[in-house]
Amino acid sequence: MTDIAINVHHLTRVEGHGNIVVNVKDGRVEKCEWRVPEAPRFFEAMIRGRHYSEVSRITSRICGICAVGHTLSSVRATENALGMTMTEQSVLLRNLLKHGENADSHLLHIYFLVAPDLVGAKSVFPLASTHPDVVKRALRMKKISSDWAGLVGGRSTHPTRVVAGGFASIPTVKQLEALKQELVGTLLPDAMATYELLKSLASNIPTFSRPTEYVALVKDGEYPVYDGDIGCLLPDGQRESYDVDDYLEVAQEWVSPLSTAKHAKHKLDSYMAGALARVNLNYQYLHPEAKRVAEGLGFKAPVYLPYYNTVAQFIEVVHATYTAVELIDRLINTGLRDEPPVKPTRYGKGAGATEVPRGILFHEYEYDHDGMCLGGNCIIPTNQNHANIQLDFDKLVPELLTAGKTEKEMELALEMLVRAYDPCISCSTHYLDVSFKG
């Protein structure tokens, strides 16, 4: 009978620290665990007593990769708490910014974190010698998408232009025209080359399937990344939607003894957030070219293959780029205006949600009459995915054993599964309230 001992301490090619532990004795699974050992970071405590104008500057530091998303979820929550209504121009610019961040992060994940697994390499560095044109293309696409977010946000990491109430400053028409030229002239052709590359590697993507619940923003007539309601899709096709203020009805957090990060569930024991959830819920609103790419890659929503989250990410890169061109045209045709940030009309409690690369991100704050923060709550996408990863493990490991996979093959399959979720583990560690009773 088979004995297997897998102990991956600090999985590589993910953000943060996560461990995989699997023990099999005489062909029987004795232990199968996804563990998160990161230390809590106490951001929700940091914002107490801070003025509303400071809060998004602090919470953007939760993540260097999803800083735009944390900024936007933060200002959305603050604006809802303070009764601020955004102008059409601010909404268009924020959508443009959000799509830029998602494309930027997706390209990093696809090329630098996942692609090595698909070609049997340990990292992207050997590929610089064996496939220099591909690596140069990856770097070129990464730079353009980073510049895209940086132009609208002031910088791509911890954006400075976005403030509660609108924008502190905005790009010029000339800058937007130059960005459009880069997107049309370079990023889209490179995306089509990436499409051909992914088609050639598609057979290397595992087809492990486990139907689960998917959660993402939904909005009539739109593929939403900046605002909307909370949509839920169950394996039987049933759909539900919730107002963002009711996010705790969906993201029902619980504490796992294996993790310093909270887990979440809704209708089932787990759900998945991220690109796969978004495409499954909003496929009909993808740009036609993104749909064409999806069909060419064999993606027919709903897809229950967690490894295909990477495919969904690329579909979103194509969608984001075409959508960005349309947003730029609307902004230029409408005419850019200098608009001072909207002022508060009340003080209270509000929630905000955006779609960051790894999934739906919730922020909620409460303010006193002086605009000082009384408290907050942040639920990170990777928090919402931890339980789903564990349940994937529980189904995948026995299947790998039945298929006669070796220990090394099983280890690689589990590592690839976690990487497919593109986890941001440091972001997901969560402050716990502890009370001592004597």
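Cβ coordinates come from backbone N, Cα and C, glycine included.
Quick look at what TrEMBL lists:
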BINDING   Glu44, His430  Mg(2+) binding site
BINDING   Cys63, Cys66, Cys424  Ni(2+) binding site
BINDING   Cys66, Cys427  Fe cation binding site
Distance, Glu44 (Mg(2+) binding site) to Cys424 (Ni(2+) binding site) (CA atoms, angstrom): 18
Local backbone state of Glu44 (Mg(2+) binding site), from DSSP in three classes: helix
Cβ atoms near Cys66 (Ni(2+) binding site) (within 10 Å, other residues, all chains): 28
Packing count at Cys424 (Ni(2+) binding site) (other Cβ atoms within 10 Å of its Cβ): 25
Between Cys66 (Ni(2+) binding site) and Glu44 (Mg(2+) binding site): CA-CA distance (Å): 17
